[in-house]
Amino acid sequence: MQRKQEMMTIVAQKQLAPRIYQLDLQGELVKDMTRPGQFVHIKVPRADLLLRRPISINQIDHSNETCRLIYRVEGAGTEVFATMKAGEQLDILGPLGNGFDITTVAAGQTAFIVGGGIGIPPLYELSKQLNEKGVKVIHFLGYASKEVAYYQQEFMALGETHFATDDGSFGAHGNVGRLLSEALAKGRIPDAVYACGANGMLKAIDSLFPTHPHVYLSLEERMACGIGACYACVCHKKGDTTGAKSVKVCDEGPIFKASEVIL
């Protein structure tokens, strides 16, 4: 995997929902962005904030050498990003991570795409690429409330889409686990499952598909270096009774088969 660093230029930025921002960047690094589910590590342009921030890639446009990121303002670093304007530059390291494996599904087959909250953005590029292969995509997307929901129309344009909110203000009342359970009860069995979101959601998916060979989970561990050097983002492997075997989410992931890791 190629890993490069570049000062990329901000092309546009806008707010999608409370604390949710869409950031478009332009630069040569985009040439190396190919697999959905990869991320970049962004240096905060402030001297007292040393650690880079990992943000997943939402869309890739090779023809214009642009990529789109969607992030949520969580602290001082992302607060700085939210104030930046078109024409300014950011120090970007990437692309990082292994990305989703889309080779296991073929045209005419069905993929469930499951996302929650800020885990939703990388699934858009995934859905686009699966569509291009002729795979039928069915989206299951969960939000805290209607107020913080975003990208509904974009996903609906790519395929069948089901929504859920914690408070019932939009879509089904509850989480995406409920939506998946209802789909399975109707006999809808996917050829592959792709998911990104909070650990609780991923655990629910793991329990719903305990023996499925093609369930891919994007883990949201905290990352410091982004290149596998600091061991801050490790998780343990299934089948390891010693507890000594682990994988580095930033370098060997962030996507793993559900059968590989302990959530």
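Heads up, the Cβ atoms here are built off N, Cα and C, so glycines get one too.
What Swiss-Prot says about this one:
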type: BINDING; residues: R53, P54, I55, S56, I70, Y71, R72, G77, T78; note: FAD binding site
type: BINDING; residues: C225, C230, C233, C250; note: [2Fe-2S] cluster binding site
type: DOMAIN; residues: 3-102; note: domain 'FAD-binding FR-type'
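On the structure: features taken from Swiss-Prot.
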residue : record           : DSSP (3 states)
R53     : FAD binding site : strand
I70     : FAD binding site : strand
T78     : FAD binding site : helix
- Note on the structure: Row R72 (FAD binding site), column other C-beta within 10 angstroms, all chains, value 17
- Can you name the residues of this chain that are 6 or more positions from I55 (FAD binding site) yet have a C-beta less than 8 Å from its C-beta? L23, F39, V40, I42, L69, I70, Y71
- Tertiary neighbours of T78 (FAD binding site) (same chain, Cβ under 8 Å, six or more apart): R53, Y71, R72
- Across every protein chain in view, the count of C-beta atoms other than its own within 10 A of the C-beta of I70 (FAD binding site) is 22
- Item | Neighbouring C-beta atoms (10 Å sphere around the C-beta of R53 (FAD binding site)) | 20
